[in-house]
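These notes are about the structure you will find just below.
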Amino acid sequence: MTEGGQKKRWGMVFALFIAFVLCNLDKVNMSVAIVPMAESFGWTATQKGLVASAFFWGYSFTQIPGGWLASKYGGKAVLFWGVMLWSFGTLIAPWCAALGMPALLASRFLVGLGEGVAPSAATGVLAKGVPPSQRSKAVTSAFGGLDVGSLLGLLIAPPIIFHLGGWAAVFYLFGALGFFWGAWWFISYMRDSSTDMKEVETTGAKKGLSIPWAAFVRNPQFWALTVAHFTWNYFSYGLLAWLPSFLASAMGVTLSKSSFLSILPYLSTVIVTALIAPLAGELEAKKKLTRTQIRKGSQTLCFGVGAVTLTMIGLIVNATPVAAVTNQTIGMVVGLLSVTFGFAAFIRTGLFCGHQDLSPKYASIMLGVTNTAAAIASTLSTFFTGLFLSMTGGNWAYSLFFPIAALQLVSVFVFLIWKSDPVDFDAVA
């Protein structure tokens, strides 16, 4: 691989990183903007729930089709059109909101449709554009954009709303950024004819229409990935949706302060991701650990530490009535949450590399399948947390923290069957 080819490859990884930053910017924007929007349009709580959930309707719908399209037409093209679609849906949101609830729901559905293809498409690009020895570093770097996007969205959306023309400005600005990214991606990578880039792509199998579904179902490692992905989304989206409410209601902090405190765990994820990306690449390139050891170790750290820290938070919450909460209590809880999210960054060198380890050819379609299960988990975690809160009289330990911790513990043991040996699914179909 020439020096120019290496620069081109890592430039592509950086472009994927930016795409994922935009992905979560356009996911978080509604979480922030929905408060002034609800006041402006007089929405009920039920209507706010509809707006918040419309994204996931589209997101769930394109998981498997996105993987199939990436396998057939290539991840670069599918990612391009996905970003264009979700950016368009974001850009038109203010006009749709003015037209009425059905139009706004349709715009958020479009955002979900576009974002639904992104993980599978990016996985396909990385599987065919990055050699196995650099996979951990590349995947961690690219998917780390999701954490940065969440953090940036929570940080910059409020000042944009307050100082740049109200809630509509968030959608106009974030939507426009996607089109700038699209021009960059199209010119620099979609039309790339570099020999160095094609050299790695040819190591993947040729595109085909036949997907060996039966071989996937019979493969235990595929199910380990599915369980891990389900657990990841139940954890991440459950806390994303409920963390500000938990801090406000169980810790007694103001809503503005709870929003600020909610940022700190995501900041720890960004920091740890920046540290483990080069470390994982070094361990893998110099064969200090086997690929299987890296994947198992990463998943154990991600979910194992989380199971312990979330259980500790639940115990603290159960032992501390709201009236007895002190600044020290809040500091302990936020500190444990930061540890939880910091170790959660190891998911990038575990689960999100696993599909490519098993099969570069079918990595996109496999991620589409496991991400479908994960999208279902996102909806379930939000719904069941609210249901359990109603059933338990507002007990956050039994409604949010203990269920996630139990699921993480199960997932750790399931992932012990993992092996990173490539599987020829066509031969076993």
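Glycine is treated like the rest: Cβ placed from N, Cα and C.
If you look up TrEMBL, you'll see 12-423 marked as domain 'Major facilitator superfamily (MFS) profile'.
Panel annotation: around the transmembrane segment (12-38), residues 47-48, 51-52, 55, 79, 83, 86-87, 90, 93, 97, 108, 111, 115, 118, 122, 125-126, 129-130, 138, 141-150, 152-154, 157-158, 161, 166-167, 170-171, 174-175, 177-178, 181, 184-185, 188-189, 197, 240 of the same chain, lying at least six beyond its termini, place a Cβ under 8 Å from a Cβ of the stretch. Residues or ranges marked as transmembrane segment in TrEMBL: 12-38 (among others).
For the transmembrane segment (50-71), the residues of the chain that approach it from at least six positions outside its boundaries are 27, 30-31, 34, 37, 43, 78-79, 82, 101, 104-106, 108-121, 123-124, 207-208, 211, 361-362, 364-369, 371-372, 375-376, 378-379, 382, judged by C-beta separation under 8 angstroms. Residues annotated as transmembrane segment in TrEMBL: 50-71 (among others).
The transmembrane segment feature in TrEMBL is assigned to 78-100 (among others).
Under the heading transmembrane segment, TrEMBL lists 106-127 (among others).
Per TrEMBL, transmembrane segment is recorded for 139-161 (among others). Listed as Cβ neighbours of the transmembrane segment (139-161) (distance under 8 Å, sequence separation of 6 or more from its ends, same chain) are residues 13-14, 16-25, 27-29, 31-33, 36, 119, 122, 126, 167, 169-170, 173, 240, 259, 262-263, 266-267, 269-270, 273-274, 276-277, 280-281, 345, 348-349, 352-353, 356.
The transmembrane segment annotation in TrEMBL covers 167-187 (among others).
Residues annotated as transmembrane segment in TrEMBL: 222-243 (among others).
Annotated transmembrane segment per TrEMBL: 263-280 (among others), in sequence order.
If you look up TrEMBL, you'll see 301-324 (among others) marked as transmembrane segment.
The transmembrane segment annotation in TrEMBL covers 330-353 (among others).
Summarising the annotation, TrEMBL assigns transmembrane segment to 365-390 (among others).
Taken from TrEMBL, the feature transmembrane segment applies to 396-418 (among others).
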The transmembrane segment (301-324): which same-chain residues, six or more beyond its ends, come within Cβ distance under 8 Å?
228, 231-232, 235, 249-252, 332-333, 336-337, 339-340, 343-347, 350-351, 395-398, 401-402, 404-406, 408-409, 411-412, 415
Counting only residues 6+ away from its ends, which parts of the chain sit with a Cβ under 8 Å from the transmembrane segment (330-353)?
123, 135-136, 139-140, 143-144, 147, 225, 228-229, 232, 235-236, 239, 243, 247, 251, 253, 261, 264-269, 271-273, 276-277, 280, 294-299, 301-302, 305-306, 309-310, 312-313, 316-317, 415
Taking the transmembrane segment (106-127) as reference, which of 78-100, 365-390, 396-418 has the most Cβ pairs under 8 angstroms?
78-100
Applying the under-8 angstroms CB criterion, which one of 78-100, 222-243, 365-390 scores highest with the transmembrane segment (396-418)?
222-243
